[in-house]
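Q: When I checked Swiss-Prot for this same protein, it listed these features:
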- His5: active site (ACT_SITE)
- Glu25, Asp27, Asp85: Mg(2+) binding site (BINDING)
- His41: active site, nucleophile (ACT_SITE)
- Cys45-Cys51: disulfide bond (DISULFID)
- Cys47-Cys190: disulfide bond (DISULFID)
Amino acid sequence: WIMGHMVNSIAQIDEFVKLGANSTETDVSFDKQANPEYTYHGTPCDCGRDCLHWENFNDFPKGLRKATTPGDSKYREKLILVVFDLKTGSLYDNQAYDAGTKLAKNLLEHYWNNGNNGGRAYIVLSIPNLNHYKLIEGFKETLKKEGHEDLLEKVGHDFSGNDDIPDVEKAYKKAGVTGHVWQSDGITNCLLRGLSRVKLAVANRDSGNEFINKVYYWTVDKRSTTRDSLDAGVDGIMTNYPDVIADVLNEAAYKKKFRVATYDDNPWETFKP
């Protein structure tokens with residue numbers, strides 16, 4: 001999965017897919033009542049990027065829906081996975097459940113079109129704080145109440161705070177999550193970070209006793225870091241330059257071992273070579 005980083009305006013969806021992304025990441029900010037408000041990152045952000053692209057949250061999922069609904073003029077077949085980077089740092093811990101409820105209602109209406117030929121992409125809810133695990137409960141229970149439990153087949157999870165892997169596992173146990181787990185690791189491209197925790201996550205994924213199904217590393221903009229990430233065995237790479245990742249995947253050393261994921265590849269299944 002080549003994951004386009006910080007895709008916060010509708011126009012950027014196309015821009016990143018054209019560069020080779022089959023997945024995008026979008027920042028979601030919340031208002032004081034725990035409603036998703038904007039797709040917005042703000043300053044500071046990654047080096048070399050404009051941090052200020054944004055949409056109202058109600059509008060972004062509609063644009064995303066068009067890009068991921070077969071038959072729509074804006075449809076982009078390659079775009080199969082979307083990570084919502086939920087900026088819950090502005091919320092109190094006790095608002096996490098409400099945030100999940102409100103996010104579910106919003107996506108149900110504006111992205112899934114109330115279950116009537118909505119967008120087809122898989123969605124990862126990425127939460128920065130383990131204490132906000134109730135967001136997952138709020139999201140799931142809302143879709144069930146609204147009669148759309150089937151859509152949970154399209155929803156996965158990530159805790160993005162670079163916490164110790166056993167602590168992440170505990171948070172999932174509290175939330176009742178038993179699958180559909182992506183594990184991120186990384187840091188802004190302005191700083192360096194080694195791959196030691198990525199390797200621990202990959203080891204869990206491949207242990208046969210795993211709670212992690214997929215591992216992705218962010219933010220990777222250089223060919224050398226891309227090669228190191230692939231050598232470590234990641235499933236996804238989040239990047240500001242999807243074309244760089246696509247180029248490296250075409251190198252002789254990687255061409256036979258890796259390919260770009262398609263819609264038929266289940267993002268919740270651990271890959272077994």
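The backbone N, Cα and C atoms fix where each Cβ goes, and this holds for glycine too.
These figures come from a predicted structure and were not determined experimentally.
What's the neighbourhood like for these features in this structure?
A: Secondary structure from DSSP puts His5 (active site) in coil. Taking Cβ-Cβ distances under 8 Å and a sequence separation of 6 or more, the neighbours of His5 (active site) in its chain are Glu25, Asp46, Arg49, Trp218, Thr219, Met238, Thr239, Asn240.
A sphere of 10 angstroms centred on the C-beta of Glu25 (Mg(2+) binding site) encloses 26 other C-beta atoms.
Shown in sequence order, Met6, Asn8, Asp27, Cys51, His53 are the residues of the chain, 6+ apart in sequence, with a C-beta less than 8 angstroms from the C-beta of His41 (active site, nucleophile).
DSSP assigns Cys51 (disulfide bond) to coil, not to a helix or a strand. Cβ-based neighbour count (10 Å, all protein chains) for Cys51 (disulfide bond) stands at 15.
Residues within less than 8 Å, Cβ to Cβ, of Cys190 (disulfide bond) and separated from it by at least 6 positions along the same chain comprise Asp46, Cys47.
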Q: Using C-alpha atoms only, work out the spacing between Asp85 (Mg(2+) binding site) and Cys45 (disulfide bond) and round it to an integer in Å.
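A: Cys45 (disulfide bond) has its Cα 13 Å from the Cα of Asp85 (Mg(2+) binding site).
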Q: With every protein chain in view, what's the tally of Cβ atoms within 10 Å of the Cβ of Asp85 (Mg(2+) binding site), excluding that atom itself?
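A: Around the Cβ of Asp85 (Mg(2+) binding site), 25 other Cβ atoms lie within 10 Å.
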Q: Through the lens of DSSP with three states only, how would you label Cys45 (disulfide bond)?
A: coil
Q: Cβ-Cβ under 8 Å from Cys45 (disulfide bond), same chain, 6 or more residues apart: which ones?
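A: In sequence order, the residues whose Cβ lies under 8 Å from that of Cys45 (disulfide bond) (at least 6 apart) are Met6, Cys51, Thr188.
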Q: Using all protein chains in view, find how many other C-beta atoms are within 10 Å of the C-beta of Cys47 (disulfide bond).
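A: So the number of other Cβ atoms within 10 Å of Cys47 (disulfide bond) is 12.
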